[in-house]
């Protein structure tokens with residue numbers, strides 16, 4: 001019996017050894033798999049909900065998104081690797097000049113943009129340093145639980161984990177001596193943007209070359225798509241080197257807020273003249289407003305405690321469906337003007353005609369039109385049908401000031417952005433935020449803009465009132481948001497402290513500017 005028992009034991013040991021090898025092989029296989037490989041389910045979710053429409057009616061304008069639910073496939077445990085938060089922004093460590101050396105995006109020809117299309121990306125920027133690990137295909141699933149002024153809540157690290165993750169160790173600083181000290185205020189910066197990149201954004205030294213490859217692809221897609229038929233002549237490159245005061249004076253000379261007045265075809269033939277308000281938008285406050293606030297809907301405004309400061313202004317502009325109830329401490333409760341895109345009017349879920357959100361305020365609507373500003377073509381085929389709801393609202397509330405911005409005004413703003421940017425920008429209209437800023441600069445002596453350029457509370461939460469995360473909401477894909485913000489940064493007359501801690505930019509109103517008088521050259525001898 002002993003030889004048989006010994007043989008049986010040997011077989012058992014051999015079987016255990018084989019199973020051990022098999023388990024080890026499986027373990028090595030999964031641990032060596034590439035965690036940065038794209039996850040199709042994640043990207044398809046982002047394509048459908050966050051950034052770029054593919055065509056026509058699926059266009060997404062910032063501020064009009066429906067509140068989405070996060071897909072089950074995006075598990076929080078897959079967002080982090082080795083305890084490190086996935087920073088979606090390139091920090092450009094080691095060479096602070098690298099990010100500035102973006103090549104001029106203009107072609108040799110005088111015109112660009114021909115035909116159209118679009119895609120979307122989940123995260124705006126990607127790191128090249130090993131210290132920052134970005135999981136491709138994952139949107140910014142950062143847990144939105146911050147203390148006052150964007151500081152992490154007790155028990156959290158200053159670089160937050162995904163939802164439900166335990167406390168993680170802080171990331172190592174990438175060659176701290178290579179960047180100014182302000183870039184490493186680790187106790188103040190939130191998690192979804194690298195210290196170095198946010199500092200560069202405050203300084204206006206970022207470019208599209210730092211964008212995540214997918215977002216760059218989305219931008220190229222829109223440039224080739226050119227839905228609105230943009231044909232722009234570059235007119236030289238000196239404009240991109242204008243100083244802030246020079247740019248302000250140029251904008252004062254060219255920017256004229258214009259709305260539909262019912263005098264142009266096809267509206268004149270449709271009886272719109274008595275329908276539109278008798279007093280033009282630019283003349284509602286003939287003496288001008290002293291101080292105005294433009295409140296962005298960015299998620300970064302949460303936990304800011306800016307509500308009292310915002311309400312102290314003479315007038316407050318808000319966007320689309322952004323509420324105040326329940327958010328008064330951070331955003332205030334005063335609303336004077338509300339800029340709304342055409343989706344707000346056309347989508348029944350917004351209850352535009354009956355909602356109290358759109359009552360007792362000045363309403364200013366807009367819709368993308370062809371670059372040619374052909375009103376007949378626009379009326380026949382708007383991006384979203386805002387004309388019928390506009391008529392219904394005017395008939396029901398004839399005394400409420402309600403205007404539709406003229407397409408020429410919208411595209412005039414786009415021209416100014418492109419002329420003052422060395423790179424090609426997306427051939428799509430500016431964002432509602434940029435439009436609102438320019439409208440208020442024409443009406444107010446001083447404009448305070450909150451969280452257009454992000455503060456230390458920067459987060460991937462798109463809007464403070466919607467549970468939807470996407471880093472692209474900060475830099476855009478459909479709208480040329482990156483270039484808009486760089487231009488506004490050049491105009492800022494406020495302090496760096498306000499920009500960093502409040503996300504506040506201060507802009508002078510056009511009426512307060514003292515610009516040199518341009519005299520025509522005397523050709524007489």
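Cβ from N, Cα, C; glycine included.
For reference, Swiss-Prot has these:
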type: TOPO_DOM; residues: 1-11; note: topological domain 'Cytoplasmic'
type: TRANSMEM; residues: 12-32; note: transmembrane segment
type: TOPO_DOM; residues: 33-525; note: topological domain 'Lumenal'
type: REGION; residues: 85-107; note: region 'Disordered'
type: REGION; residues: 145-183; note: region 'Disordered'
type: DISULFID; residues: 249-515; note: disulfide bond
type: DISULFID; residues: 292-444; note: disulfide bond
type: CARBOHYD; residues: 303; note: N-linked glycosylation site
type: CARBOHYD; residues: 333; note: N-linked glycosylation site
type: DISULFID; residues: 462-473; note: disulfide bond
type: CARBOHYD; residues: 521; note: N-linked glycosylation site
Between residue 303 (N-linked glycosylation site) and residue 515 (disulfide bond): CA-CA distance (Å): 39
Any idea which of the disulfide-bonded residues 292, 462 has the thinnest Cβ neighbourhood at 10 Å? 462
Work out the three-state DSSP category of residue 473 (disulfide bond). helix
Alpha-carbon distance [residue 473 (disulfide bond); residue 303 (N-linked glycosylation site)] in Å: 19
I'd like to know the mean pLDDT over the topological domain 'Lumenal' (33-525). 74
Whole-number Å only: compute the distance from the Cα of residue 473 (disulfide bond) to the Cα of residue 249 (disulfide bond). 30
Could you say which of the glycosylation sites 303, 333 has its Cβ with the most other Cβ atoms inside 10 Å? 303
Validating a neighbour-count step here. Other CB atoms within 10 A of the CB of residue 473 (disulfide bond): how many? 25
